[in-house]
Amino acid sequence: MAERQADCGWKRHISDQLKLRDRVQRHTFEEIVQQYNRLLEKSDLQAVLTERYQTEKYDVQRGHEASSLDASRSDSLHQEMSQMRIRHQEELTELHKKRGELAQTVIELNNQIQQKDREIQSNEARMLEYQQQIAGLDGDCRDLRSSLQVRLHEEAHDGEVNTVRFSPGSRLLATGGMDRRVKLWEVVAGRCEAKGALTGSNAGITSIDFDSAGSYLLAASNDFASRIWTMDDYRLRHTLTGHSGKVLSARFLLDNARIVSGSYDRTLKLWDLRSKVCTSSVTPVPSCLLTCLHLENARNLKMAPLMTSSVTLHHSCYHSHHHDVDSVCVFSAQGFKCGADWTRVTFSPDGSYVAGGSADGALYVWNVLTGKLDRTLDRNHSSAINCVSWSPSGTYVASVEKGSRAILWSDM
Amino acid sequence: MLLHRLVAVSPMLLCACFCLVSFPPNLLQLLLPRVSYLPVVTDKVKKHFLKVMRPEDVEEMWFEYEGTPLKWHYPIGVLFDLHASNTVLPWNITVHFKNFPDQDLLHCPSNSIVEAHFMSSIKEADSLKHKSQVVNDMQKKDHKQLWMGLQNDKFDQFWAMNRKLMEYPTEDGGFRYIPFRIYQTLSDRPFIQKLFRPVSPDCNAHTLGDLLKEMYPDALTNDGEQKRYQVLIHGIEPLLETPLQWLSEHLSHPDNFLHICVVPVPTD
């Protein structure tokens, strides 16, 4: 126990001594030292600031003058200083004002930006809508096009294909070209299969016609003659000569016993099939070239595509050697141009549409009642379309072009 | 641990009034920690005086008190106790920037020299205490932590490592030898340092009195005589019966040495 007490004794002594030491040596001076150091820092700072101020505002000269303790000098010094102070105050207020204005401008600009952002957003939304619409329409287009089937026949002929005609039964397609041949094709399930060729012409074929039964084929040719073949055996039966120019077009009349042919020599000749002679010859239109004959009922409706960009429907009545030519209506379309003098157009079987091929290889279809362009089928022909034929069944349209290609369009 | 804090953390006040030899008087007042070294804590001094001096006048900085150059490798507390323990505070010391006294002082161009000296003291102390086992087991970063704790005045950082140096196996009852140095004012010898065990062969703990009787018997007052000397550790006089082992553990300086100053009792 004594040892414990002794222990505590010297320990306590040490701790007391330390506390005393600290009190004497530290606490009494701590405060003073801190304050002193703070003052020192402040005076240092003061010295730095005044030095900077002096070098900026006054030169060394000025400093020397100030130290000369002249009363008047110190007065003027005061005045200058107060003037400078005033000027600085003014500048300060100016700057404050300007800052306010700039802040205002900033706010306005921000508003404008927000507005523009909103507009952009709405525009984008609309664009999105339109794009969706376009996508939809594209889809529709593609559907339509795929439904519109096309059957190509490259090299239908060696050389230009001038004319094409469906047989009355819509099963046969006849094409004629500069290779002096009439090629026959069978149309089966949307395809064309070559069936045969009719020879005998000495020059390019300009026009083909079937009789109403489909048993005879009439072809007009550049060798100034028209020929007739039988369809059962593809044999040439008759040759009708007499024109003094290229025969541009020949047609059976409704009774299948007579043929009318138009020629480059500006005559229309009427032939009788039984006697195989020309019964009459007319010169109907002095100036225009007969390029196409289309018979409807008892009247002759000639459609003469003039060398312009429109198709003129002529109404003419053929009886007893005279005729009237009236223009019934004009079909035109942008881009439609006749490829040649003998470019043909055709009515649809129900008479409600007119189809014509143009120089740029596009097939134009007009609505007869409205007179407006119904469809444009392009991108299949590579050169000017020479002739168009609508099948009597109405499902197919055949078009032929200069570049010896024949195209069968289905689902018309 | 409470005592630890009292000793290690509380700085002693040194108010230094520096007079430049050839410049108008310039004063700086500082509180310096007892346990640190002069070059470490006097950066501010250098900066302050460099502002007013010409660069060509500045060489190595050194301090002196009443004509005696102050050895920077002694802890500041030791310097104070030795030179000015009984003088009136503040302690005025003079800073010089020229005429470095090569015979009396060691050069100290940078803090890394101080660090090297500090670490070598620690290693020497540990070689006495533990045959250098503990300090050699420490990693380089631990040594660095000791120095940084001292330099930046971070008590906890320092003692986290120093704790290890203060441990001893319980069967021994203490360290192998006690690391101590006894400084005297009136002798040419720098200090007394000898081997001394903390525990006597018959297992009694040695006291401060035992140490002095062995090493510096003049410091002790015999019965009947007037007290001639003060025995100062950290500026206080512990009782002579204080156990030496305890003193070494708790009142050592950060360099793990027990620095004891013996100064004459003031006569006035």
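Along the chain as shown, residues are numbered 1 onward.
Backbone N, Cα and C atoms are what each Cβ position is placed from, and that goes for glycine too.
Automatic prediction, not curation, is the source of TrEMBL annotations.
What TrEMBL records for this protein:
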DOMAIN    A:13-149  domain 'Autophagy-related protein 16'
COILED    A:99-133  coiled coil
REPEAT    A:154-195  repeat 'WD'
REPEAT    A:198-239  repeat 'WD'
REPEAT    A:240-281  repeat 'WD'
REPEAT    A:345-376  repeat 'WD'
REPEAT    A:378-412  repeat 'WD'
Considering the repeat 'WD' (A:154-195), which listed stretch of A:240-281, A:345-376, A:378-412 counts the most C-beta pairs under 8 Å: A:378-412
Residue distribution over DSSP helix, strand and coil in the repeat 'WD' (A:345-376): 0 helix, 17 strand, 15 coil
For the repeat 'WD' (A:198-239), the mean pLDDT of the predicted model: 88
For the domain 'Autophagy-related protein 16' (A:13-149), residues assigned helix / strand / coil by DSSP: 129 helix, 0 strand, 8 coil
